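Feature annotations, reproduced from Swiss-Prot:
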BINDING   Arg87, Gly125, Thr126, Arg127  phosphate binding site
Amino acid sequence: MQRGDGRNFNQLRPITITPGFQSFAEGSVLIEQGKTRVICSVSMEDKVPQFLRNSGTGWVTAEYSMLPRSTVTRTQRDSSAGKISGRSQEIQRLIGRSLRSCVDLAALGERSFIIDCDVIQADAGTRTASITGAYIALYLAFKKMVDMGILSKMPFTSQVAAVSVSIFKGNIVLDPCYDEDFQAEVDFNLVMNDRAEFVEIQGTAEGKTFSRDTLDQVLKLGEAGIWQLFDIQNSITRP
């Protein structure tokens, strides 16, 4: 299948990652995946949520937002609406869960690492790009803390990345752009670690149901895409 942007069904969009995109964050990247662009930045605080106080254990959490004109028509800021939208809550919880799955929280001490994922341009796949970029930003933050003697070792237990897969006009396609995502019959978001273990599988039938065989094909295609993302992450973290 030849797609509208010239890619084959199993190709990711072009990906560029710029580390150190923000000067003041403990770790930061700009991830560009096709026309989707997300700034991922990490801040460290010497405190933890109430439920972790005096536990000796740290925390990793995330916040997600979209700039008003990251979309074709203006998206209202959550602050203007007076509450975080349900979509933003869902996505930031997903990002937080995904990153916590690959970190030894006890190795952080009683410290919190807050990941801010701010979408500056949305062309589908913002939540998965946020996870892939957030891993690198968190890696850079941890490395800085180790270099400063604040952490005794890198606290990662695995590597994590994410990708979207859609069924578009009856075809399974990797990393859909907006036009494909908008018209997709089925949408999937896959999060996986480098032990080939899935952290999260989200699948929604928008206009068509799907079979177990189709699900297996989606997982196989998504897994192949995530291994490519691991290589891209490693080009920054393990040059």
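Here the Cβ of each residue, glycine as well, is placed from N, Cα and C on the backbone.
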For Arg127 (phosphate binding site), the number of other Cβ atoms found within 10 Å of its own Cβ: 23
Which residue, of the binding-site residues Arg87, Gly125, Thr126, has its CB surrounded by the fewest other CB atoms within 10 A? Arg87
Near-site residues: phosphate, ref Arg87, Gly125, Thr126, Arg127, CB cutoff 8 A to centroid: Tyr64, Ile91, Val119, Ala122, Ala124, Thr128, Ala129, Ser130, Asn189
